[in-house]
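J.: In case it's useful when we look at the structure, here is the feature table from Swiss-Prot:
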type	residues	note
DISULFID	CYS41-CYS44	disulfide bond
DISULFID	CYS105-CYS131	disulfide bond
TOPO_DOM	1-14	topological domain 'Cytoplasmic'
TOPO_DOM	32-49	topological domain 'Periplasmic'
TOPO_DOM	66-72	topological domain 'Cytoplasmic'
TOPO_DOM	91-145	topological domain 'Periplasmic'
TOPO_DOM	165-178	topological domain 'Cytoplasmic'
TRANSMEM	15-31	transmembrane segment
TRANSMEM	50-65	transmembrane segment
TRANSMEM	73-90	transmembrane segment
TRANSMEM	146-164	transmembrane segment
Amino acid sequence: MLSFFKTLSMGRSGWLLLAFSALVLELVALYFQYGMQLQPCVMCVYERVALGGILFAGIIGAIAPSSWFFRFLGIIIGLGASVKGFLLALKHVDYQLNPAPWNQCAYLPEFPQTLPLDQWFPYLFKPIGSCSDIQWSFLGFSMAQWILVMFAFYSILLAIILISQVKAGKPKHREIFR
């Protein structure tokens, strides 16, 4: 199994699939916002940024997947973004399941002054909703819970890919006597 993931990470198609899946999920988020008129909250915006990190990791890995530098850089960026996204989604689920006046998200995002994404791209990163509101659900789970599952999947996948990198490749053929 590890050799499969190592082989997949050494090819461009696996990285492009990672980037494509993140892009599709970003487009789905925009459909929910503009097509279904759901209002994104601060945590939703942060989760979009984390998903953008996974998209960026897929692009980095696709640049030169046979190079260990670009491969490891893509894995580390993707794993960091997916773990951060998982932690953000976990906090978002906590806001929804335990609403209280002292358990609320901030109204405005706290981006660095050198990277104010909410001012540069307000159509993507401007929050207008409340984190504790459940505006949409599917199969009894809120969107934040589905996002938690999504980031857990990305985290597990990228952790397996990272572990597969230290595995030595299989020899081409084995000889009993030399």
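Using the three backbone atoms N, Cα and C, a Cβ is placed for every residue, glycine included.
Remember, predicted model here, so these are calculated numbers, not experimental data.
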J.: Would you mind listing, in sequence order, the residues at least six apart from CYS44 (disulfide bond) in the same chain with a Cβ closer than 8 Å to its Cβ?
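T.: Non-local contacts for CYS44 (disulfide bond): ALA29, HIS92, PRO127, GLY129, CYS131.
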J.: Between CYS105 (disulfide bond) and CYS41 (disulfide bond), what is the CA-CA distance rounded to a whole number of Å?
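T.: About 8 Å separate the Cα atoms of these two residues.
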J.: What residue among the disulfide-bonded residues CYS41, CYS105 has the most other CB atoms lying within 10 A of its CB?
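T.: Within the set of disulfide-bonded residues, the most crowded position is CYS41.
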J.: Would you report the average pLDDT that the model assigns to the topological domain 'Cytoplasmic' (165-178)?
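T.: The answer is 62, the mean pLDDT of the model over that range.
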J.: Give the number of CB atoms, excluding that of CYS131 (disulfide bond) itself, located within 10 Å of its CB.
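T.: Its Cβ shell of radius 10 Å holds 23 other Cβ atoms.
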J.: Would you mind listing the long-range same-chain contacts of the topological domain 'Periplasmic' (32-49), meaning Cβ under 8 Å and 6+ residues beyond its ends?
T.: 26, 85, 88-89, 91-92, 95, 105-109, 117-118, 124-131, 133, 135-136, 143-144, 147, 151
J.: I need to check the long-range neighbours of the topological domain 'Cytoplasmic' (1-14): which residues 6 or more away from its ends have a CB within less than 8 Å of a CB in the stretch?
T.: 61-62, 65-66, 71, 75, 160-161, 163-165, 167, 169-170
J.: Which numbers of helix, strand and coil residues does DSSP report for the topological domain 'Periplasmic' (32-49)?
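T.: Per DSSP, the residues of the topological domain 'Periplasmic' (32-49) fall into 12 helix, 0 strand, 6 coil.
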